[in-house]
Amino acid sequence: MKWLQIHITVDQEQVEFTETLLMSLGAVSVTLDDAEDQALLEPLPGETPLWNKVIVTGIYQQDEQDPIDVDTLEAFLKAQLPDVPMRHEELEDQVWERAWMDYYEPIQIGEKFWIVPEWLEPPEADATNIKLDPGLAFGTGNHASTFLCLQWLGKTDVKDKIVIDYGCGSGILGVAALLLGAKKVYATDIDPQAVLATKQNAELNGVLDRLYVGLPEEFDQEFKPQQADVLVANILAGPLMALAPEFAKLLKSDGDFALAGVIEEQVADVSGVYSEFFDILDVEKREENWCRISGKRKTTN
């Protein structure tokens, strides 16, 4: 069986209508992609952020016995969505849901880590190899903020320590800490898909027995009144600033922390909020202005 893809570039406010339209016309899947290489810096908790211009792609089964008339389909779509760019392509029979696997390769991060897609062999068997299913949730090592956090973990003593991974995404940071010898990782995310992905990636790496992961309200019940030795949070500046008092309660005196998901222009504001509770020891910058802020919890009496 072949597949037909229809790509439509629309403004943000047209996305929901376009998705619904494609599904009503029999699309088996609809995906959203950035049309202008625009960074998404500050979504609110629980929101799915969108770019200003979005490529909405509908995928249709193209039955050889009763094929879709592409000209008729496009004419109808153009009548509903006039003056928007639109194109189509046909795909040969394949497992298109996982076709993206061909584009992933192992990534080396610092001196300790390799991020290895689960279907590939590690380039260095003796390295700390993190097996990952990149299709499950955000956090593959490709993004600068994830890279910065992994780099920091590789230099931080986590052996036999309690670690919090706040905003865990794919679970890559928590898994990395466990592979480095952490006693226990407590991970949390507002996205149920991220909770599932973290469990699955921990299982891939044989560390599920030392991991707890849940939504924030579940995490609060499970973790408190403990305190962690290490806390890493790869989210965004707004949520990070709001969570500073909470992180101060979660981390032991003199405990290590790292924050990422912050761009250079936001470093001063985030550091200013955290300086009440934490000593800022280092700010590391990577390409595209993404930064990591790290330091220690101030000693409390």
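Using the three backbone atoms N, Cα and C, a Cβ is placed for every residue, glycine included.
Among the candidates D189, D191, D209, D256, the residue that Swiss-Prot names alongside T146, G167, N234 for the S-adenosyl-L-methionine site is D189. The secondary structure of T146 (S-adenosyl-L-methionine binding site), as reduced to three states from DSSP, is helical.
Within the set T146, G167, D189, N234 that the record links to S-adenosyl-L-methionine, no two Cα atoms are more than 15 Å apart, and one pair reaches that distance.
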